[in-house]
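For reference, TrEMBL has these:
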BINDING   Thr16, Glu35, Ala36, Val235  FAD binding site
DOMAIN    16-447  domain 'Amine oxidase'
BINDING   Phe340  substrate binding site
COMPBIAS  454-465  compositional bias 'Low complexity'
Amino acid sequence: MLHLNRDVVVVGAGATGLTAATELKAAGLSVVVLEARDRVGGRLHTDEIDGQMYELGGQWVSPDQTALIDTLETLGLPTYERYREGESVYVGPGGVAARFTGDIFPASDATQAELERLIALLDELVAQTDPAAPWEHPRAAEFDRITFRAWLEAESDDSEAVENIALFIADAMLTKPAHSFSLLQALLMAASAGSFSHLVDADFILDKRVVGGLQQVPLRLAEGLGDDVRLGHPVRTVEWADGGVTVSTDALTVAARHVIVAVPPNLYDRIDYVPPLPRLRQQLQQHQSLGLVIKVHATYETPFWREDGLSGTAFSPYQLVHEAYDNSNHGETRGTLVGFVSDQKADALLQLSAVDRRRAILDSLAAYYGPKALEPVVYYESDWAAEEWTQGAYAASFDLGGLTRYGALQLEPVGPIRFGSSDLAAEGYQHVDGAIRVGRRLAREILDEIAATSTTNATSSTDTTPVTEGASA
Ligand code: FDA
């Protein structure tokens, strides 16, 4: 058993953990990052499937994500725009594909007016919601006990408008059915992106990609940390007391002053805490769960939809694939479509054989783009629910009422333990931008605590050593 001494141990080499470790190391502390998988990046993963490069997890960058944009600039990672020239496609309740340009899809005048009304109403509620403290909204208790679907259905009799508004938060963001989370949770999702209108605007929310893939962010950060990142080390136990922690994997232990548990909230409980965490913390952790979405890539010899005047952008609450986009990689002549199947549709799909799943998904793509979509040269489904160290996608959110009961506790430290994740962020919630913000915040908190402790020590005793230094291995 190897034994290390560090100022801070970070559990999880995703964007949150690697950002925190990078900031702490830059400030002169000793760190080690323990990662369960044999790679860094967590929910960011670029891979080659049958010779085709795919981003299997997170990939898009939007203009409001300034923490991520700042990190991309620091790391020297160039971006490129998602292809968006041409018409979009919407499939309505009758199953007919209609092309359109502009913001609102083709529907009756009444439905279009209703959509605009609901978007304006949600924008107003979102403007009143602080993403850092949605539980402080004056109507938080009321908004957290009604499901998003029930609220929408009480607001509107127009089922097509309701289904489409639900889609933008439920299928497309939280990846849970709209009857399983609250209106307040929906407002947080939109507030974290600046407004509900931003979520509806694919040109905003899915603006840019990183040349070579977004996983380069964690890869570059890990490169900077060198041997301080240890792969293949699932953390099993965190023993803690006020003075510090001992963190154990199967093959090593680390004694440290602080630990940052930077894993998705649904996995906090895979670690044994000795002594157990305080009761409310144990309760909180039972109220956050990951959504479920299958991200599908289909690559064709050419981007045939472009020749047909289509941008590749397509969506429908009535289709298995509820949204799809041109996801061709920078500089490639082949064309790639990416589509998403969420929540209960994903449940049903996962019951099918691989052959039947593929057929059902390609049929759905063909409903948007025509029969040429049926014959990809490369095809791949990202199955994050099957990954032991994630167990779903995209991210975690609270159950009904959970946000007002426990939201304020999420980022509260427990002695030397801090919990972090993109799924606890305010701005950039459930996104890489939020992961970076939370990573920076936790690092700053630790540095502030150390500075405060050393000031107290300097005035009250002769011991001015702020933290343990160096490592025994
Ligand atoms: P993350 O889950 O990435 O990292 C946690 C790490 O902890 C993992 O490496 C895991 O292996 C490790 N771990 C877990 N338990 C452990 C243990 N006990 N011991 C040691 N290590 C442990 N975002 C975005 O900005 N734009 C986008 O387009 C998308 N799209 C998207 C698509 C898909 C399919 C997914 C799954 C996700 C996205 N996202 C996204 C979300 C984005 O990927 C996500 O918010 C961040 O990558 C999360 O970073 P974290 O570091 O918080 O967690």
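Just so it is clear, glycine is given a Cβ too, placed from its N, Cα and C backbone atoms.
Where the annotation comes from TrEMBL, it is an automatic prediction and has not been curated.
Shown here: features listed in TrEMBL, placed on the structure.
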residue: Thr16; record: FAD binding site; contacts (Cβ under 8 Å, 6+ apart): Ala262, Gly420, Ser421, Ser422, Ala435, Ile436, Val438, Gly439, Leu442
residue: Glu35; record: FAD binding site; contacts (Cβ under 8 Å, 6+ apart): Gly12, Ala13, Gly17, Val229, Arg230, Leu231, Gly232, His233
residue: Ala36; record: FAD binding site; contacts (Cβ under 8 Å, 6+ apart): Gly12, Gly232, His233, Pro234, Val235, Glu388, Trp389
residue: Phe340; record: substrate binding site; contacts (Cβ under 8 Å, 6+ apart): Asp171, Ala172, Val293, Ile294, Lys295, Val296, Val321, His322, Glu323, Ala324
Candidates near ligand 1 among the binding-site residues Glu35, Ala36, Val235, Phe340, judged by a Cβ under 6 angstroms: Glu35, Ala36, Val235
Neighbour count (Cβ, 10 Å) for Val235 (FAD binding site): 24
Integer average pLDDT (0 to 100) for the domain 'Amine oxidase' (16-447): 97
DSSP-derived class (H/G/I helix, E/B strand, else coil) of the residue listed as 'substrate binding site': strand
Cβ-centroid neighbourhood (8 Å) of the FAD site, Thr16, Glu35, Ala36, Val235 excluded: Val10, Val11, Gly12, Ala13, Gly14, Gly17, Val33, Leu34, Arg37, Gly42, His233, Pro234, Ala262, Val263, Trp389
Farthest-apart CA atoms of Thr16, Glu35, Ala36, Val235, residues recorded for FAD, distance in Å: 16
